[in-house]
Every structure is written in C-alpha cells, then in structure tokens.
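Report on the following structure.
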Amino acid sequence: MRGSWLFRSCLVRRSDGYPIERVQSKRIGRGCSKRLARRIEGSSMDERNRTPREQRERSTNPFGKALRGIFGSRFGLLWIIVGLILFYNLYAVFRPERSGPQSEIAYSSFVAAVEKGLVSTVTLSGQTIDGQFTQPLRVANGIVYLPGEPLPDTVDPAQVRSVTRFRTVIPENTQAEVTAFLQQHNVLLKVQPSGGASLPGLLLSVLPFVFLIGLLFLLGRNLSRGQQNVFSFGRSRARVYDVERPQVTFADVAGEEEAKAELAQVVDFLKNPAKYHRIGARLPRGVLLVGPPGTGKTLLARAVAGEAGVPFFSVSASEFVEMFVGVGASRVRDLFERAKAQAPSIIFIDELDAVGRQRFAGLGVGNDEREQTLNQLLVEMDGFEAHTDVVVIAATNRPDVLDPALLRPGRFDRQVVVGLPDKRGRAAILRIHTRGIPIAPDVDLEGLAAATPGFSGADLANLVNEAALVAARRGKQVVDRSDFEEALDKMLLGTTRSLLMSQEERRLVAYHEAGHAVVAYFTPGADPLRKISIVPRGRALGVTVQAPEEDRFNYTRNQLLGRLAVLLGGRAAEQLVFHEVTTGAQNDLKEATQLARRMVGLWGMSEELGPIYLGLGEQHVFLGREIVQDHSIGTSTLDRADQAVQRLLNEAMERAERILREHREELDRLADLLIAEETVGPEKIREVLGEQPVAAGDD
C-alpha cells in the first residue's frame, strides 16, 4: 500500500485546527505530501499575520478576491498581457491615418475644388468619397469657400472650420464619370471595395468582446468558488467622520437657536459624560429633528459632527433597504455594532420616513422588507445597554407617517422642531450666506428679511446665490440692491417671459391687477403692497405682491375676510370695467375657495355652523396612512357648510365691488400707470391711491 498510486482525499488543517483545503494525495500511507502541507500551512500563517481589517476585506470583497485570482495566476496574467499587446498592435497597424479634422461637404463644392486643382488624393468606396485638399480650406455648412472667396453675410464666422480632409457622396451610377473627371484633373485616385468588412476591421471589432468575455468568465469562475459571500450587502454603508469631520459648527447655523441648544447639550454629554453620570443622568437615546424641507435639519447634523469629538456615523434611511430580503435588518445590526464598538458615538439617519413609516395594518400586503428593517431598528434602539453613550439623531419632514413605536420615550426621547425662521432668524441667515460675497452698501439685509416671510434657510441661500449670479451676469464687482430684487422676483414670480400681448389684453391685465391692489390698499388690516406688475412671469400674465411688515402666526376673522376680498378684487374689476369676466381669475378663485372652506371647516368662523371642526379644506398629506377618511358628519351639516362657504365668497365679492366703485377714479389712474410703466413700486402706489385708511380693531 505504501507504493500505491491510488488517490485519497485529505483534509489539511491549520495549526489552530481550522480546515483550510481538501487536497488529493498520491499515497494512502503517507497522506498529504509534506511540500503541499508546508505550502498550505504557510498560507495559513500569512492569513493569521494579516490585520483584522485586511482579513475582513479579503473575506467580504468577492470582486477583489476574483481579481486576485486572475492576476495571482502567472498564466492568467500572461494571457491578459498578450491580449492587450495584440489589440494595441492591430489598432496601431490598421487604424486610418488622420492629418486633420474631416468635414462633410456638398458634391458641388467637391467638383469646384477639383476643377481649381485643390484636391490632392481621393479614396472612392461605393458612393462615398474621402479625400484630402492640397491646402487647408474654409468649410461652413457643407460649403467649401475657395481662397480669396469672401464669406456671405448669412454665414456665422463661428461655424467656419479650416479642414484638409473631407467626405462627400456622389450620385448613383456615376462612378465611371467621376473617375474620368478625377483623372482629367490629375487627382490621385484610390478605390476600396464597398460592402463587407475587412479582416483588420473584423479583428478590431471582435477582439475587445472576446477579451471582455474571457475576463467575465474568469471573474465568474472565481466568484462561484466563494458564493456564500458573493454579495456583501449585509454591511452598513454609513460614512464615518472621525478625524476628517465636516468643517461646519453651530456658528454656521442661524435662525434655530432652540434646536442648537438641544443638540449642544447632546454634544456636551458626549464630550463630558462623567459629570452627567455622577448625578445619575441618562443620555437621550434618540433625538428626532422635525421640520419642513430646507429648514436646516441636515445642516444641524453636520454641525453636530463638526462640534462633537466622537465618531459620527451618517447614513440615509433609504440605504438600508435593498432588493434582497433581510439586507436592511443586517445593515441596521452592523451599523449599531460599529457604533457601540467606538462609543461614545453618534448615529445620524437622514430621511427617517424611508424606513420608519407606520407598519401596514390594512388591506393587501405590506412591505415586509421595510417592516423588518424598522423592527430591527426598534430593537436596536430599545436594546441599548446602560450608559453605552450612543446617540441616534434622525431627521424627517414627515413625522405624521412615522410608526408610533419609533416615537415613544426610550427610542426618540426628544423631538426638536426645526421650523421656518422668523424675521430675525432670516436676517441672521442672510448675514451668514453673504459672508463670502461682496455686497454694496445699499443692500438692506433687515429689509430683505422682512420681504421674505415663509422663506426657509435653503430658500435664503438660493436667494443670495441667485443675486450673485445676476451681478456676475451684469459684469458687476459687488452685489447691489437691484440684483437682490431681481433674484427675489425670479424666485417669487418666475422668469420673465417675452410674451407679445395686444393693447386690449394689456389693458385687461392692468385693470385686473389694479383691482387686486385697490381692494388691498383700502381694506383695513391687509398686508402692504410691495409691487404691481403686468410683465408676464412664469405662468402668470401679471402679479400683485403683498408683504407683511411683521411675521404673523395668527389671523383674525376680519383679516381673513379682507384676504378673500383682495383675492376676488381682480375679477370684480373685470366685471366693473368690462362688464365681463375672463379666465385670468382661475387661481384667485381656487385660493379664495380653499380659504373659505378652511374658515368654515377648520377654524369655525361661519355664522351658520359656529365653532365646529369638519375637516373641510384639510390637506391630506400622505397616501397610505388611511385609504378612506371616515367623516362622521351628516349630509345636512355638509350642505350647510357648503352654503356657508358660498356665502363667504359672495360677501367677499360684493365687498370688493363696493370698494372699487367707491374708488373708481383711483382704479383708472393705477391701471393707466401700469399700462405706461408695466411695474409699479410702493412709492408710486401711494402717490396714485392717496391716503391709506388706518386698520380698525377686530369685531
């Protein structure tokens, strides 16, 4: 048996007992050869000498493993080098020679150039002619301009090219005439067969695909050997900021002082945990940033990363879920394991609603993968050990769709509202965004903040950038007030359109906008007028802009009734002046109807129904929360609500008509001024309309 050449399976083990490889030995008595055993034992020693990170990368990176299998083989590397050299040589030998840019020219221009003796060589292939001029000639739009020939006025100089190589197509069945014509003018003629691919061209077309197929075959063969870890999707894709953290601090965030204070306390807890632990305080496990889009939730998280001296893991919630079942839960586990290993640390999850939606409890089938990811997130957040010093910060602009289990204390202990900034906050944000921009002394940031109610931090940053773009386009060295005004008009009203309107239509639009303005001017408590314009912008033919002097957080019934009258002022002016109404009031009617429905159904401001909430006019934000809304409201109550809405609109229309009849002269003057100047500011509005009534107290 000692000399037998039978094969036997042998399982080689490392020195630590872990099986390495199953090999075939030629001798039954001896087992595995000593040389093979030494080689495998050496490879196991190399594996143990690698760092944990290198071992993890080698085991979880299948593509890197495959490439090592290719380039680690002498024969595989040799074939790759031979293929590359062969492809390069074939391309270098058979590639067409180029002596300059080639241009398509007309056949008539080609004939004229031959007759002038300006064509040196020609290659004829079927109906296609490739040739070369004796000298560079000017070509524009397929026409060749001979030396000394002037360019027509209709030719754009930017389209003129100087070329030495050209291509043209000859008429059918004229090869014999063209050949004789070229020989007559002593042009060197070459003929190539048309149709069918030459051997060099075929090789150049096929070799890259053969090489690619071979490479993919080698990759697939190496991947199949380690199919257990072929897809390393289970690891979290969170980005870690430790040493190279974002250069954003709380000083770069303005307008959200309360949110900054909440997050600053979390940062201080992570930097100095001992002083909190001494008195038994527990670090909040989660902080949820809630607010509209563009208010700075992600910017606050970046500021936390810049302020905190601890590892900061940043990930988008959409990165958890993939097409494979269980990947999301695996990534959540991996993320929290990495964070716990480097505690104290912070995990930031952006757009939490991507995985934190309320779990499905209705008809049909829910999203099992997303729900598994959410369940794993709930377990990880609630399964922290005491004093692990790991904080989860999440951001969302859709808190109403989040699962209640995610919002309970013990998971997200704090909900920080990041709302729209007030006037003072907007001014501070503008000062931050204009730090690196040269602005003129006439720019009033306080006034600009007052003129932008409802703007978020992202809107204000865009406003400053748009103003800088306007100034750069005008060739200015600084950004002045006019640049900011144009940028603000562009954001609020849209881009100016070069729309040609007739005089009658301009007059109609002028009276429509003047009607809005006159009703707003003579309605006590209405917002001041900032601008009236009949210049078409966006989808509107004209616009009347009102801006409150101070931010408002509550509106009285009288203020809303005045707003209804202002919205219907344009339609009332059309009816009064032209005894006809147009389609220009469509958006006004839509806004007025929605406002009246909210007054009746949400705020209880109707005399017919009194203080009652019906849910009318409520904006149902997100589908999937409830398929059908259950209104336990009688039909008679809904009919009365519709009648109340109609009454509010009719009374507002009558009020607008009454104001316009009383101030018909001012209406005509303002409309004439708009026709003449197109855009009118607040100073000229006061000159035309006279003294404005003082706002009276509410009823």
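The backbone N, Cα and C atoms fix where each Cβ goes, and this holds for glycine too.
In the three-state DSSP assignment, the secondary structure recorded for GLU513 (active site) is helix. Taking Cβ-Cβ distances under 8 Å and a sequence gap of 6 or more within the same chain, the neighbours of GLU513 (active site) are ILE532, SER533, ILE534, GLY542, VAL543, THR544, GLY570, LEU674. Here Swiss-Prot flags GLU513 as active site, drawing on sequence analysis.
Secondary structure at GLY294 (ATP binding site), as computed by DSSP, is coil. With a cut-off of 8 Å between CB atoms and residues at least 6 apart in sequence, the same chain places SER456, GLY457, ALA458, ASP459 near GLY294 (ATP binding site), listed in sequence order. Among the features that Swiss-Prot reports, ATP binding site is placed at GLY291, PRO292, PRO293, GLY294, THR295, GLY296, LYS297, THR298, with the record citing sequence analysis.
The DSSP secondary structure for ASP588 (Zn(2+) binding site) is helix. Annotation comment: Swiss-Prot describes HIS512, HIS516, ASP588 as Zn(2+) binding site, evidence class sequence analysis.
Feature annotation from Swiss-Prot assigns compositional bias 'Basic and acidic residues' to 40-59.
Positions annotated as topological domain 'Cytoplasmic' by Swiss-Prot: 1-73 (among others).
Taken from Swiss-Prot, the feature topological domain 'Extracellular' applies to 95-198, supported by sequence analysis.
For 220-699 (among others), the entry in Swiss-Prot reads topological domain 'Cytoplasmic', with the evidence type sequence analysis.
Feature annotation from Swiss-Prot assigns transmembrane segment to 74-94 (among others); the stated evidence is sequence analysis.
For 199-219 (among others), the entry in Swiss-Prot reads transmembrane segment.
Fewest other C-beta atoms within 10 angstroms, among the binding-site residues GLY291, PRO292, GLY296, are seen around PRO292.
Cβ neighbour density within 10 Å is lowest for THR298 among the binding-site residues THR295, THR298.
Summarised by DSSP class, the composition of the topological domain 'Extracellular' (95-198) is 22 helix, 39 strand, 43 coil. In this model, the topological domain 'Extracellular' (95-198) carries an average pLDDT of 80.
Sequence-distant contacts of ASP588 (Zn(2+) binding site), defined as residues of its own chain at least six apart whose C-beta falls under 8 angstroms from its C-beta, comprise LEU567, LEU568, GLY570, ARG571. Distance between Cα atoms for PRO292 (ATP binding site) and HIS512 (Zn(2+) binding site): 34 Å, as a whole number.
Around the Cβ of PRO293 (ATP binding site), the number of neighbouring Cβ atoms within 10 Å comes to 10.
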